[in-house]
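To keep things clear, I will list the structure first and then write my remarks on it.
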Amino acid sequence: MVPAQYYLVLSAAVFCIGIFGLLTRRNALLFLMSVELMLNAANINLVAFSYYWGNVTGQTFGLFTMALAAAEVAVGIGIILVLYRNFDGVDVTNATTMRW
Amino acid sequence: MTPLQSTPEWVATAPAIVLALTGLALLLIDTIDPDSTNNGLLAGTATLGALAAGGIAGWFLIGGTGMESTGGAISLYGDALVVDGMSLFFTLIFTSVAAMVSVASYDYLADQRYQGEFYALVLFAATGMTLMGMSNSLATVFVSLELASLPSYALVAFLKEDRGSIEAGLKYFLIGALSSAVFAFGISLVFAVTGSLVLPEIAASLAEGTELVGVLGLGVLMIAGGFAFKTASVPFHFWAPEAYEGAPAPVSAFLSSASKAAGFVVAFRVFTVAFPLGTVTSIGGGSVDWSLLFALLAVVTMTLGNFAAATQQNVKRMLAYSSIGHAGYALIGLAAITVDGGAANGDVLGASMAHLFVYGFMNTGAFLFIAMVEKWGLGRTFEDYNGIASKAPIAAAAMTVFMFSLAGLPPFGGFFSKYALFFSAIESGFWWLAAVGAVNSALSLFYYSRVVKAMWIEEPSANLEIGSQPVGMYVAIVFAAVGTVLLLPGSQPVIETAQTVAAALF
């Protein structure tokens, strides 16, 4: 059996890939995908340690996370759609009418 | 009579239920006749729903539901939710802000489409915030945090033709999505270490010690990051100036007052219940000392917020940075908790809660005044505010009350809550936090008084014209101003209540 610690390494790797994508991509849709990767990294931990601890708390919460990720994407796509209409594209760096 | 002695326990969540049902009722009203929108009916329903929920919370709070006198906190659904004094106290903040915002939106939305959806989203976000106050498990914390956040994203981007609003919504959403992913990963790490999501069980598991101190520390840090986003504190503060400036002004009022308080209530509960300072500092040689972390964040947050506010030319953006500064003050409540603090811990946390309560009135009022100025079609810079007092003296007087109260000048509510906060921080031995706070307060008087000076002293520009006198906004602003002034004589009961309910956490 794979030791539980290995899952921590795997999830940390997936999480870091998500962060990397988020920092380097300018496309709002790729940004959403990166966030999805980060949430799924959390799910890996939850499911793996649910097995390790012998309860289903983590697995159940994993289902919650997936549902919330879907809800978040639904709102996000809506915002990206109006972004596309107002700024002629889904590049997140285009929207700079206010100064930082 | 004490409420709820013979009623089922779930009735204790009545404020959240009322808010959710009002949100659904708004959608229903909007659906009955899709071709016409009755703005007054919608705004009235939303306001009444929020006031009813607030009234129930106030009644429970006075009656002692979930407090020591009636048998302690009521926990529901396998400890996933808990109704106690703190959750009711914060429900009062959320509902009063939601009511003021609903009233003011009546005028702000007069010529907008999708009014029903707007009020429903405000009510759903308020439901999420109320549930955040009751959450006693990381699972419900996460779900209710999203329930509060998702409607907020849509509200910020509500003006679909306005590029500023879209940009604000996009930035708020992107940073919100990032921080909720970080938060979820933090929860998964804490679950990996403790094997539970329920806050008291996490504390019990940590009390037995753990070998995975590094994983725990990272998890706690990431959870703190999630709260920093919700409360607009450093390092996840940079969405706030953009989102507050671009969003419709009533939404800015809602987010900067209610949403910030919601972030704080859940942070207070998670850190005091799940990670008691005495437990987490005893494992791994004290490397998970979150009190130190919050002390650093408090100092950086209030200094950055106040200095950035002092350099702004745009009043709305100045208020956004001042809102970051106030998050720094409220963080003192967590920063000044000590292992052997005893009653002093409850005092400082309660003072922080009382400050958030007063802040709910004065900050909402200030943003609603800006909503009114936007409605009049004046500009957004300090110069554009020149001479407003000559045209609208009542509103200008109310704004003056908000500004001086935010700065913490003596005759207003903001003075007492700030005084109690700094005083209890000194009592806990954190005199340097109080000193930094006091210096920042003095600095903040500079930029708050600029607004007052522009309104009352500067000559109005020749073509200063204000159009209509929006009734709803006047009602909301005057209500907030009266609340801010009444919290001067009322500060003692508020602070005492807050400190009593906070002491129940330790």
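Cβ from N, Cα, C; glycine included.
Keep in mind the model is a prediction, meaning the values are calculated, not measured.
For reference, TrEMBL has these:
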type: TRANSMEM; residues: B:12-29; note: transmembrane segment
type: TRANSMEM; residues: B:82-106; note: transmembrane segment
type: TRANSMEM; residues: B:118-135; note: transmembrane segment
type: DOMAIN; residues: B:135-444; note: domain 'NADH:quinone oxidoreductase/Mrp antiporter transmembrane'
type: TRANSMEM; residues: B:141-160; note: transmembrane segment
type: TRANSMEM; residues: B:172-192; note: transmembrane segment
type: TRANSMEM; residues: B:212-229; note: transmembrane segment
type: TRANSMEM; residues: B:261-284; note: transmembrane segment
type: TRANSMEM; residues: B:290-311; note: transmembrane segment
type: TRANSMEM; residues: B:318-339; note: transmembrane segment
type: TRANSMEM; residues: B:394-417; note: transmembrane segment
type: TRANSMEM; residues: B:429-449; note: transmembrane segment
type: TRANSMEM; residues: B:470-488; note: transmembrane segment
Sequence-distant residues near the transmembrane segment (B:12-29) by C-beta distance (under 8 Å, 6 or more away from its ends) are 4, 38, 41-42, 45-46, 48-50, 52-54, 56-57, 60, 65-66, 74, 76, 81, 83, 88, 91, 95, 98, 116-117, 119-121, 123-124, 126-127, 130-131, 134
Answer yes if the transmembrane segment (B:290-311) and the transmembrane segment (B:470-488) have at least three CB pairs under 8 Å among residue pairs 6 or more apart in sequence, and no otherwise.
no
State the residues, same chain only, that lie 6 or more residues beyond the ends of the transmembrane segment (B:172-192) and have a CB under 8 A from a CB inside it; answer 'none' if no residue qualifies.
138, 141-142, 145-146, 149, 152-153, 156-157, 202, 212, 215-216, 218-226, 228-230, 236, 238-239, 242-243, 247, 274
Quick one: do the transmembrane segment (B:429-449) and the transmembrane segment (B:318-339) reach 3+ CB pairs under 8 Å, ignoring pairs fewer than 6 apart in sequence?
yes
Are the transmembrane segment (B:212-229) and the transmembrane segment (B:261-284) close, by which I mean at least 3 Cβ pairs under 8 Å that are 6+ residues apart in sequence?
yes
Which residues, given as numbers and ranges, are at least 6 beyond the ends of the transmembrane segment (B:394-417) yet have a Cβ under 8 Å from it?
322, 326, 351, 354-355, 357-359, 361-363, 365-366, 369, 372, 388, 441, 444-445, 448-449, 451-452, 455-456, 474, 477-478, 480-481, 483-488, 490-492, 494-495
